[in-house]
């Protein structure tokens, strides 16, 4: 009984029928090193377009890479101009009051908000790859600048030095942003996970809202700290100085702004009502103050704004100690935050319109516009969500809408700035509060709790750190875990030797951490092939004798999918698909129909990873391909189920093994007519 009658194969027979584990064939050092560099820094293979091109064509393609306007400009039509003209004027009506408000938030002269909405959008229109991003100042970066520079220099007591430090910090922020793009190390931004950004933005919005109580209540003296305890203490310790006139005016305008935004959300066709509401409040507030002389009854106004375009400021940079360190630190932190926000917003709207943007190219564009802007009296700018959403809803077609907005701001600077003299500060506070309420994304936090409890903890850590400590502390809590060790006195007789040893140890730790980050941020992905006379699928690099499966591309992801590598994997998977389609076209074989992911090595996935799979699903759908999953683990399946991704892809496209997935795809490939629908046929592609 049992196994008694079963004849086990001998060792030699087993070795003959089994497939041995192969050692990958050796490769020359330089070839291996080149491939490693390419995989680490060039996952999207930007040099692919230069293959087999003449030198003159390569030069022109290089110009197009850094100046995308040369690519879409010759195809620009009058129909696009009409759409961009409407979008540009609409976002200008939002950019003018927001620019003035956010400059006040950064403790800078209000006119700088208008300056920053003129030069940077023109630079981005030439260099940016997003059609929908509307460039301008943002509340969180403004708050960071005001908080970090305010710790070193008082903006009221020494306004000139404070202003010059703001220009210097913007210069270093732009330098960092452009360098990350040129050096292809933008994956550093990916370490700001979706959960971190949700918590950080929500906390920063809460702090900004609380700080606007100064303007709403008409307080003259207010704390420079950003934590909630200090702000509330400052508010309630000055109850006797509250001004009811300012409070009533602020409450009325805030109600009007929130009502207009609510109406626009319920009726998307009337998006322009919400977009025009801030400028409307500025006009109404200014008229009310002018007619009633409210500035004499406790309502503070902006005052004089000088006419004229941006004056040069490249001679105002501060490169002397001790202020240089503060400027560099402020520039680096605000630059990373602004970069993460701008790229995230650009990618979001690009996904809606079914086109791709180059993350590294965006970094160069955003960095360049901040470098140039800092030389012409601008402070930090990026692509804010609120302004970009209005641009998107207004039907923009290209980055020309930024040019239209810049021209509108230019006319304002030349002719209309005196009209803002009577604009009450309480209106600016109401505009900021209205905008910030949209950044508190409680629905995203609830989603994080349902899908991944650890992501929720990270989110809440960032939020509480910002609200109860400071903006910088909140960011550190979310993305930086460190060990505080006592520095041992290795050489008591020589402080210089001791410092050298400590510095050397820190360098070793930094190199080790960088190496670890590269392994995490750049996981292995490879193509699988079929071993002869079997249902086993292995890497074609490790087993060169494997057979391709016609019409099917099988990819294996060899690591958990987290926020740190999700952007890289999306770009690398797109490149695998491009290369496979090119190979099939050159050989005349069956066209690609299915893309199978072997997820046996994906031990876990977070919300950023799920978003990456959703984006890949949309990419394959647009190309007329079907996405198939094979062997996802229990933890991955739980999160895919909670996030509704299983419903999106369909249960019939998830298989236990790669063999079953290939068998099913082969059956459908030979019995069903392939779906040739391609959503890429958008009007834009025919321009």
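The backbone N, Cα and C atoms fix where each Cβ goes, and this holds for glycine too.
Note: TrEMBL annotation is automatic and uncurated.
According to TrEMBL, the features are:
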TRANSMEM  133-150  transmembrane segment
TRANSMEM  162-183  transmembrane segment
TRANSMEM  195-213  transmembrane segment
TRANSMEM  242-263  transmembrane segment
TRANSMEM  270-291  transmembrane segment
TRANSMEM  363-382  transmembrane segment
TRANSMEM  394-416  transmembrane segment
TRANSMEM  422-442  transmembrane segment
TRANSMEM  454-481  transmembrane segment
TRANSMEM  501-521  transmembrane segment
DOMAIN    542-665  domain 'STAS'
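Take the transmembrane segment (162-183) and the stretches 195-213, 270-291, 363-382, 394-416, 422-442: counting Cβ pairs under 8 Å, 363-382 has the most. With respect to Cβ pairs under 8 Å, the transmembrane segment (270-291) is most closely packed against 422-442, considering the stretches 133-150, 242-263, 394-416, 422-442.
With a threshold of 8 Å between CB atoms, the same-chain residues lying at least 6 positions outside the transmembrane segment (195-213) that come near it are 105, 139-140, 143, 219, 222, 226-228, 231-232, 235, 337, 340-341, 344, 429-430, 432-433, 436-437, 439-442, 444-445, 448, 452, 455-456, 458-467, 471, 474-475, 478-479, 563, 606-607. Across the residues of the domain 'STAS' (542-665), the predicted structure has a mean pLDDT of 88. According to DSSP, the domain 'STAS' (542-665) comprises 63 helix, 21 strand, 40 coil. Long-range contacts of the transmembrane segment (133-150) within the same chain, counting only residues at least 6 positions beyond its ends with a Cβ under 8 Å from a Cβ of the stretch, are 91, 95, 98-99, 102-103, 105-108, 113, 116-117, 120-121, 124, 162, 165-166, 169, 200-201, 204-205, 207-208, 211, 224, 226, 326, 329-330, 333-334, 337-338, 341-342, 345-346, 349, 369, 379-384, 387-388, 390-391, 399, 401-402, 405, 432, 435-436, 439, 470-472.
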